[in-house]
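Structure first, then comments.
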Amino acid sequence: MCVQHNSSGVEPGVKVAPCLLLGACFMVGLPVNIAVIFDICRNYKSYTSKVNPNILLLVLNLALVDSVALTTSPLVLYTLFWGFTFGDATCQMMYFILTSCLFISVVTVTAISINYFLIVKLGVANPRLMAQVSRRRREVVFLGGVWALALLFSISTLFTRREIDTQDPVCHLHRAEQAPAAYKRLKLFRDPAGVGMKSLCLLNSTINPFLYAFALRRKLNRSQASSKNNTGMSTVMTTVMTVDMTAVSESPN
């Protein structure tokens, strides 16, 4: 339930919209991503007969990352209304999780696009290349590297984020001598545009499973896809990547 709290002096309407959006993301996006994970794990063998195993593994990874990101929705929603009151450790961990998930999501979608291009566009003309690309062990090693690099790149949030004690406590970039300036920058978060872009980060994780589930369904139903179908799947993956890149470009570092 969206309870309004006006200590920050923000118009109620500015808070209600993201409240509804973030609530919908959590209640819809998290179960859908979990359903995708269970469905792929349960039907992995049957899917691999028509879909490249690497793409399935990458989609599984993407659903896992989106699920982790969406678990932070209640905390983000609480912070929007009542400020951040959970201490430095929770502040740092929340941004560490979100930043890591965004990095992993972008790289995973990029890998899906590259795999799709190599298999669909080049695999038919070069069976040897297709056999090399389809080696699952390489993809597992690749994903392990992606997770390791994302965690490494995101570790800076553990040292640069801190709860700033103001009228409304906030979790933001902090240096002792620049705390007032940091708080002023954070006010953008409470403006309509700022709140909208923060919501987009989690909305991205909600939209993703519907997009790639649609793409996989088309692939399964039409294993002998025509050029028109290939274009459709490419469009879906481009859409996912565009949303991911927008979220990363707007996420605070």
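Just so you know, the numbers here start at 1 and follow the chain as drawn.
Keep in mind that glycine also has a Cβ here, set from the backbone N, Cα and C atoms.
Feature annotation from TrEMBL assigns transmembrane segment to 20-41 (among others).
Feature annotation from TrEMBL assigns domain 'G-protein coupled receptors family 1 profile' to 32-253.
For 53-81 (among others), the entry in TrEMBL reads transmembrane segment.
According to TrEMBL, the transmembrane segment annotation covers 93-119 (among others).
The transmembrane segment annotation in TrEMBL covers 140-159 (among others).
The transmembrane segment annotation in TrEMBL covers 195-216 (among others).
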Distal contacts, the transmembrane segment (140-159) - CB-CB under 8 A, six or more residues away: 57-58, 61, 92-93, 95-96, 99-101, 103-104, 107-108, 111, 253
Mean predicted confidence [pLDDT] for the domain 'G-protein coupled receptors family 1 profile' (32-253): 67
